[in-house]
Each structure stands twice: as structure tokens, then as C-alpha cells.
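Asker: First, the structure itself, so that you have it in front of you.
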């Protein structure tokens, strides 16, 4: 049996690019199709002695607006007036690789780094970092995800556009309302 992914929900803390707490809880919510695909990823990684750490999943539309108002750069934050975002559907995840002890593998940048170094194909990185990024992308892709071209940590479930946009608060989801 594989371990569940490690959670590090940065938007439930001030340790994120907004420096404000955007979520009331450190829970991660996903569409059931996304969750099933991530379970397959986690099982595949467990065979290698690795696992996932999840930084973000579903994001309420109201939070997407707050982020957009801080960073007007569609490479890093979706403009909710144009496409309403990917996280708002529960079909996008921000993840990294961890070892058996839950320690992050080197990926070249931190989560939410808004520089070219965060692009998955950025070339001026140590070979170990490139291997880690390739492994993450290959396994996520094998299990139904698409890589995002500007963030090595961001993956979308294939067909994400067919899922509805939601604006349900994290606290309401946790309460089952």
C-alpha cells in the first residue's frame, strides 16, 4: 500500500507569493477524476520509493481574483475574466516529488517562483534537477495529466475545460455544504 501524498498547502499560510492566508484550512480538494489519477501517480511513484507533495488543488474563483489582482501575468496566474482558471475546476494540481521521508527532491526553484527558471524546459539547470523534472512530468503525463509550460509543478487533468468552474469556499467544502 502506498502512502497518501504529503500536503503543504501554502495558500492556507502566509508562506506564498501573496503573503496572506487565502484558505482557511490546509485541506486539498480535487475533482474525483483528478483525485483518482493522482492516486495512480502516487502508486507509481511508490514503486520507486518516491511520492508526491501537493501544494494546491481546487481554488475558489474568489481566490483566483485575489491572485490575479496581485500578479497580472497570465503565465503564472489565470485571468478569471478570460478563462476562469484551471484550479477553479478542481482539475489542476501543484505538486513536487518527495523521498520516503517526505523531503522534496531538488527541482531548481521553489514552488510559485515566477521566473524563467521555473519553466519545465529551462535548460541551465543541474542534470539531477532536469531528471527530477522529467520524472515528475513523465509520470503525471502517463496518468492523464498535461504539463503547464511556465511552472514545473503545475499539471492539468486532460480535458479540464469540460469541467465546471466553481466558487465554493474551502471551509464550505470541508463542512460538506
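Glycine too: its Cβ is placed from the backbone N, Cα and C atoms.
Bear in mind that TrEMBL entries carry predicted annotations, made automatically and left uncurated.
Sharing the features that TrEMBL gives for it:
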| type | residues | note |
| --- | --- | --- |
| ACT_SITE | 151 | active site, proton donor/acceptor |
| BINDING | 87, 94, 154 | Zn(2+) binding site |
| SITE | 59 | site 'Transition state stabilizer' |
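How about a rundown of where these features are and what they're close to?
Answerer: Other C-beta atoms found within 10 angstroms of the C-beta of residue 151 (active site, proton donor/acceptor) number 19, with every protein chain shown included.
Around residue 87 (Zn(2+) binding site), taking its Cβ as the centre, 28 other Cβ atoms fall within 10 Å, counting all chains.
Mapped onto three states, the DSSP output places residue 59 (site 'Transition state stabilizer') in coil.
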Asker: Using the Cβ centroid of 87, 94, 154 as the reference point for the Zn(2+) site, which residues of the same chain not in that list have Cβ within 8 Å?
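Answerer: Here the non-site neighbours turn out to be 55, 56, 57, 59, 86, 92, 93, 148, 151, 153, 155.
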Asker: If you skip the near sequence neighbours and keep only those at least six away, which residues in the chain come within under 8 angstroms of residue 154 (Zn(2+) binding site), Cβ to Cβ?
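Answerer: Correct list: 92, 93, 94, 147, 148.
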Asker: Give the sequence-ordered list of residues that share a chain with residue 59 (site 'Transition state stabilizer'), lie 6 or more positions from it, and have CB atoms under 8 Å from its CB.
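Answerer: The list for residue 59 (site 'Transition state stabilizer') reads 11, 85, 87, 88, 92, given in order along the sequence.
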